[in-house]
Amino acid sequence: MSELSAARYGKDNIRLYKVHRDEATKTHTVTEMTVCVLLEGDIQSSYTKADNSVVVATDSMKNTVYLLAKQNPVTPPELFGSILASHFPEKYPHIHAAHVKIITHRWTRMTIDGKPHPHSFLRDGAETRNTEVVCKRGAGIIVRSGIQGLLVLKSTGSAFHGFVRDEYTSLGETWDRILSTEVDTNWGWRLFKTLNDVKSNISLFDKAWESARNITLKTFANDNSASVQATMYKMANEILAAVPEVNNVDYSLPNRHYFEIDMEWHKGLKNTGKDAEVYVPQSGPSGLIKCTVSRTKASKL
Ligand SMILES: O=c1[nH]c(=O)c2[nH]c(=O)[nH]c2[nH]1
């Protein structure tokens, strides 16, 4: 015997671009996003009985994303995600929950001859601003925000020593190493009761993204790092301190290794330890260090 124990469906990779034209200043502002919408509800019969009467076509979900993008602001993405996620359970009684993920891609305004250009932009990196919103009927709106793909490196100010040494250990201790990672961080907001609750807190979202990004970069640069673990814990705590409406912060940081090259074999050339200048960046394997830091219950908003 078997049963359908979970079901969720929708449209992924919905690509969306929206331009805002400020007529007064003749300045354009552009937003490019990739959206995923998945629905849950009384949809079991579409799987078990080939009953399409309960299916809102994924093509219609894609249309809805474009129509709601035309009729509403698409920024901040936490707001647009909440507008989308609350639409589906509101419109279709048999749909109980909507899961929306929005990836916002960078289009940074060009500076030409020292001035911000009114309508030209550049992709300055693979970093994205992400949002995941879940709207479950009667259970409020869950919002998570994040940054992914922010590649950083420091050429000193990082050590790693004092770790377990046993018959499996070949890694030497170091008091000065290169540290590089691709930041993946997310922060979870206090529960929003309704779409209006999200709307009345709209100014928080951009500010939190800026704080999280600045804290990540500043802590990475300035911390005399004992390990990826210790540095990421500091970052997460600082975000919790800076944004009272955030209840938890997670980081997932690959440790992208750079290996020294021993050149002693070539005329005694010194290229290790304090003499190391030329390294081999490793494509893999890499460490992968993760953590979630949560506000203790008593200190939640
Ligand atoms: O910051 C680090 N944390 C580790 O857990 C680890 N393990 C390792 O081999 N190198 C490092 N670096």
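Cβ coordinates are placed from backbone N, Cα and C, and glycine is handled just like the others.
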_Please identify which of Phe80, Phe160, Phe192 is recorded by TrEMBL as part of the urate site containing Thr58, Asp59, Arg177, Val228, Gln229, Asn255._
Phe160
*Where the distance is taken from Cα to Cα, which of the recorded positions Asp59, Val228, Asn255, His257 turns out closest to Lys11 (active site, charge relay system)?*
Asp59
*Just checking: which of the binding-site residues Asp59, Phe160, Asn255 have a C-beta under 6 Å from ligand 1?*
Phe160, Asn255
*To the nearest whole angstrom, state the Cα distance for the pair Val228 (urate binding site) and His257 (active site, charge relay system).*
12
*asked:* Given a separation of at least six residues and a C-beta threshold under 8 Å, show me what packs close to Arg177 (urate binding site) in the same chain.
replied: Ser158, Ala159, Phe160, Tyr258
